[in-house]
Amino acid sequence: MSTTTAPAATRALNLSRATATATRVLRQLRHDPRTIALLLLIPCVMLLLLRYVFDGSPRTFDTIGASLLGIFPLITMFLVTSIATLRERTSGTLERLLALPLGKGDLIAGYALAFGALAIVQSALATGLAVWFLGLDINGSPWLLLLVALLDALLGTALGLFVSAFAASEFQAVQFMPAVIFPQLLLCGLFAPRSTMHPVLAGISDVLPMSYAVDGMNEVLHHTDMTGTFVRDVLVVAGCAALVLALGAATLRRRTV
Amino acid sequence: MPETPAVHAAALTVERGPRTVLRNLRFTVQRGRITGLLGPSGCGKSTLMRAIVGTQAKVTGTLDVLGSPAGHPTLRTRIGYVTQHPSVYDDLTVRQNLDYFAAILNPGRSAAARRHDDVTRAITDVDLTSHADALAGNLSGGQRSRVSLAVALLGTPELLVLDEPTVGLDPVLRRDLWALFHDIAATRGATLLVSSHVMDEAERCHRLLLMRDGEILAGGTSRPEAGGETPEALRTRTGTDTVEAAFLHLVDEAAAAGRTKETTR
C-alpha cells in the first residue's frame, strides 16, 4: 500500500500534487492559444508603442519602460488568476479537489508554479525586446529585471487568488482590477515621483507593494550593482506575495455553506 | 460484514443561513448496498450528501462515515463524490481531466502505471473510450456528467456518493449506468448512495431513504439501524404499487399528522 497518512499528506506541501496542479493549469491554457498569445504579445506591443510615443525623450522611455516591465506581469497574472480561481470555485472543481487529499498549499503552489512559469516567458520576451531592440538603457543586469518581474507575477497571482474569494461573478472579478490595481498604479511612482506626492499619498504608497516593484526596477535601471535598496525592494515584494498567498489559502474552505 | 455501517447519522442537523435545511435526521446506510436517496428537488438531498463527504459547513449532531466522523482527512481517498453539476475542467480532454484527479489521489512517479490503469478503467466504466481525447467542454451534458462520474470511480473508493448521476440521460445510458452501479457494489464491494428526484429509479436500489423538506420520510424512522427500507417493504407497508405512490401516501399521512398537531396546539 502506498497510502500516506492523511494528516501528513495535507499539512506538508506535496510536491507531486503541486506539480500535477501546475501541469493541469498549463494544459488548460494550452487549449486556449489566444489567451497565451495575448499574454505574451500585449506587453511587447505596449513597450513598442511607448518607445515611439517617447521618441524624442529616450530617458523618459527608460524610466517608464523599466517600471512597466515590473507592472505588466503583476496586472496580467492578477487578472488570469482571479478569473481562473473564480472558475474553479463556480464550476465545482474546487469543492471536488478539496474533498480529495489535496492540500490548500498544493493547489496554491500549483497555480504559483504555472503562472510563474508563464510570467518568466512573458517577462523574458518583454525585457529582451526592450533591452536589445528598443534601446532601453539599463545600468544593471537584465537578470535582475527578470527576477523582479517574476516576483511581481507571483504577487499578482497572490492578489488575484485572494480577491477571487470576494467575487461572486466574472463581472465582479474584473472590477477588482481597477479597485486593487489602479490605486497602486497611480501611487507607485510611475506618473510622478513618490517623494513629490502629497505626504498622505506618499505615506500610502509606502505600504503598497507595487511601489516597491517599481522602485526595484528603477534601482536596476540606475545602478550597475545590486544595491541595498534593491534587496529591500525585492524582499518587500516577495514578503507581500507570501503574505497574500497565505491569506488566499485561508479563503479556500473545505466546508462551505 | 464489517462492524460499522457505511454511514450512521443521529440528530443530524444542517443550517444554511437562517434556514434549517436538514432537521434532526437519524438513519444508517449499509455497506455493500445501493441506497437510493429519493425526494423532490430542494428537499435537502444535496446538502445531506455534501455533509457526508465533508464539504458542508454548519453540521451538528452525529455523522459517522466508514467509521470516522464525516470530513475526517483519512476519508478523502475512500469516498468518491459526484456533484449534481458535472465538476470537471471544460478546457481539458476527458483523459487529461482524469489524469489530473488521479495524480491528486495517487501522487508520485512510482504510481504512474497504476494511475494509467485506473484512468483507462474509469473511462471504460463510463463508456467514453471513443471520446477520451475530446475536450470536456465539447461533450453533451450527459457525457460531461459521465466524465464527472469517472473521476469519482478513480482509486476504487469504498463509498460512492452520487448526486443525481442519471438526470438527463437517455434510457439506454441510464440502464447501463445502473448496471455499472450494481456491478461496482457486487464485484468491488463498494457502498453506493445515489440520489434522484425520479421515483422510478427507486426500484433499482437495494434500500431507500425517502426525504421531504429536510426530513426523512421513510427508511430512517422506524428501524434506522436497518439502513433504509427495501422498495418491496415500502410498497407493502403503505399498501401501494409503486414507490411514487408510496411517497405520496407518506406525504399525505405526514400532512394529516401535521394538521392534527396544528389543531391541538
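Glycine is treated like the rest: Cβ placed from N, Cα and C.
Copied over from TrEMBL, here are the features:
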DOMAIN    A:30-255  domain 'ABC transmembrane type-2'
TRANSMEM  A:36-54  transmembrane segment
TRANSMEM  A:66-86  transmembrane segment
TRANSMEM  A:107-131  transmembrane segment
TRANSMEM  A:143-166  transmembrane segment
TRANSMEM  A:173-192  transmembrane segment
TRANSMEM  A:234-252  transmembrane segment
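Counting Cβ pairs under 8 Å to the transmembrane segment (A:66-86), the stretch among A:36-54, A:107-131, A:143-166, A:173-192, A:234-252 with the most such contacts is A:143-166. Of the recorded ranges A:36-54, A:173-192, A:234-252, the transmembrane segment (A:107-131) has the largest number of C-beta contacts under 8 angstroms with A:36-54.
Long-range contacts of the transmembrane segment (A:234-252) within its own chain (CB-CB distance under 8 A, at least 6 residues past either end) are made by residues 94, 98, 104-105, 107-108, 112, 147-148, 151-152, 154-155, 157-159, 161-162, 165, 209, 212-213, 216.
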